[in-house]
């Protein structure tokens, strides 16, 4: 009969012995090694670019030594001075900043009113066709964000920028500059793209509000209006603030729309300013701008997490179903439905039909000039840079193949990396490695895509140590695209692995399976579904991606999106529209099919 | 069949709290050893260390003369090379493989040829009576069937050491009863050494050949089930093993009341045993089923008691009594006639004495050896 009395702290073997033992264990368990590899790779791909762009902002670049009076490579405050205090800083920074703020604010208001209103309509009222409206009103988010700006140009373009004028101008109606270009059209088109975002977030929150909370207030004698003001709105605050901050974050990093609608009128925002600086090869200024965008992005996301955490303290989400009683709209039911239809029409039908019609008419939207030349013609007179229909020649196919290959590979890498991050985190053999991976794989979420692309350029434009210069290679595009989508895939990877737990792998281990067998026969097959969604979601969003790739593509690595923007630069409106339509069609079909097949909701793919 | 030896095994997470401290335990060759304890006592950690899924921070684990872990000597054998069988609490069947493929997996890893693999998998499934569900997937099975498949998966590779981590806790009462008998049969047929983790003392008492009780990462006692029940090593074991638990009355500063009465009686019956103890007893324990009602049969301890409540439970009757201002429970296996408020005589032939440090000093057992009366 063994009876053990309370022992003091058990004796510990000497450190060297423990270390030897630990090494023996690690030799048999590749998780730690895998974790370390991921740490190094992610550290290099995520952290190093940010460090590089920061150091470029404070180091004198070649060619600027005469102006700055310092030797190239020295530490300098020259670029800070140039961006913030010099005579051209208004042009470089302050005006774009102001414009960005105006656009962000306007877009947020627009999206809030439209998205919030529609969210209320489809979740809280008995409007006819609720289900259908709920689905249809999300469609704008599945289209590339600058689809709307091209449609806008097709309708409102005036003669200022040269090239073909828009529909109204062709009809003899003069469209003033403020209507054709600049803040107003940018706000409207971005708002049309981002309102579904608000609709989804606010709609979810509305759906989750506990009916009992509202009922208690009613029973205590509060009139309807007070209930809304004192109960519903405060409960909605987290979702609202989240929606606001996220839309601001997106607008900050968006490139296509302000490029198409802003530049012809010299209306610059931070993202297009950054692009311009890089194109002008003023690396130092570009680095400062990128840093500023990164800082604003980080502040926004941190503010969002902070606010949601603050709010979580008092928001109680009841366990019992949400507010299932719907407001009866009575006589305005059908008018409300009509309103929903109008929003759908303006945000989906009008832009898409405008683009479609513009590609089959010589004079915009004038059906008497119907032609399929822009799609099919062997030769297009007058278009020197692209002398044939989009389906002819090799450009579209080459770009499509590039998109498919680059975005596809990036998505696969991203999904596998996300799952591996999840694996290492859940295995928990190395808690510190797991912590680092969690944080670093989330980091790109804080950084607007265009700034991250600029940062990657800083790092990879020149050879560093054993790593050659990667600018202009498909490899760089794949890497950057994979890294920017990593936050979503690693989150879903962690979620999937957490749900699975360690036991299935441990059971295989006990059954005698070595590591590769466990991965190949157990982990990956079980996670097949998660892996497929992990590939498809980044793929769809990557296909529409412009901000990230616009600075990284070169002649050989043209993608569908950059091809379209290139055609806009040439002034070939119809051709550009045709390419965007192709992208929109592909991305919409894929999103729709994915939702159908995997029953995943678009909300989980909001990464796009 | 090998014995499992744990020597000086400790496990701490991040240097601070010890999940297991300084564990010395031998699971004899061919034993059915239950690791018993409340949740968080370190029993599952111990099991996982034997399996190799977790690593000790100190100590040695060996099966037979094969050392599996030795922190001191820097030796480690990974789980996949230990050749043990393990059943998880939630079974951990692979959802993407059919029942047959689940069971065949271990054989596949051992490169057993296909024909033999098939035969052995079928035999293992037959043994646990789920051969009819061979081509279904785990999600199509009931909890009990999944549990059996997990057992079959373990048995198919014919391991000499079987580890089971609370495998019955997710089953309903009836199935649990059935599986207990089943496991006992499997133990007898296979002759394997089994380590079984549970927090259910009844499960431990009914199945095990040896029980090891753990608490707060420390081993409290290792003994055969009935030995443990009759001679718990300390207060913790005494209260944890047995249901309803042993009533333990603290003596306190004044020797009045129930504890005093019991103590005086014990001292008068077995003077030698108490003087021999290092310290004087500070608590007296009586198992509810040892506390009887009615006229005492002779030289036993007896007191008057007031019946407070009678709780019939089919095969037994639990009676709440107030004895010398202390509440006590008695369990009777014959019908109790008394009603609340009645004054009855209660008596016992067995009591346990505990020292200040909680260790059991001795017991008085009037029924076992009336001549001598003391069992240390």
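For all residues, glycine too, the Cβ spot is worked out from N, Cα and C.
TrEMBL does not curate its annotations; it predicts them automatically.
Quick look at what TrEMBL annotates:
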DOMAIN    A:97-304  domain 'ABC transmembrane type-1'
DOMAIN    A:400-594  domain 'ABC transmembrane type-1'
TRANSMEM  A:32-54  transmembrane segment
TRANSMEM  A:101-122  transmembrane segment
TRANSMEM  A:134-155  transmembrane segment
TRANSMEM  A:178-206  transmembrane segment
TRANSMEM  A:227-252  transmembrane segment
TRANSMEM  A:284-303  transmembrane segment
TRANSMEM  A:334-357  transmembrane segment
TRANSMEM  A:406-430  transmembrane segment
TRANSMEM  A:442-463  transmembrane segment
TRANSMEM  A:469-488  transmembrane segment
TRANSMEM  A:529-552  transmembrane segment
TRANSMEM  A:572-593  transmembrane segment
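Counted over residue pairs 6 or more apart, the CB atoms of the transmembrane segment (A:529-552) and the transmembrane segment (A:406-430) come under 8 Å in at least three pairs, which marks the two as touching. Taking residue pairs at least 6 apart in sequence, the transmembrane segment (A:334-357) and the transmembrane segment (A:284-303) share fewer than three C-beta contacts under 8 angstroms. If you look at the transmembrane segment (A:406-430) against the transmembrane segment (A:101-122), you find fewer than three C-beta pairs under 8 angstroms, all six or more positions apart, and that falls short of contact. Within its own chain, the transmembrane segment (A:101-122) is flanked in space by residues 130, 133-134, 137, 183, 186-188, 190-192, 194-200, 202-203, 206, 240, 243-244, 247-248, 251-252, 258, 269, 336, 339-340, 343, which lie at least six positions past its ends and keep a Cβ under 8 Å from the stretch. The transmembrane segment (A:32-54) shares the most Cβ pairs under 8 Å with A:442-463, out of the stretches A:227-252, A:334-357, A:442-463, A:469-488, A:572-593.
Panel annotation: around the transmembrane segment (A:178-206), residues 99, 102-103, 106-107, 109-112, 114-116, 118-120, 122-124, 134, 137-141, 143, 145-149, 151-153, 156-158, 160-161, 166, 235-236, 238-240, 242-243, 246-247, 250-251, 254, 257-258, 261-262, 264-265, 267, 269, 322-323, 346-347, 351, 602-603, 606 of the same chain, lying at least six beyond its termini, place a Cβ under 8 Å from a Cβ of the stretch. Listed by sequence, the residues of this chain that lie at least six past the ends of the transmembrane segment (A:442-463) yet keep a Cβ under 8 A from its Cβ atoms are 46-50, 52-53, 55-56, 249, 252-255, 271, 274-275, 278, 283, 286-287, 289-291, 293-294, 297-298, 301-302, 469-471, 476, 479-480, 483-487, 490-491, 545, 547-552.
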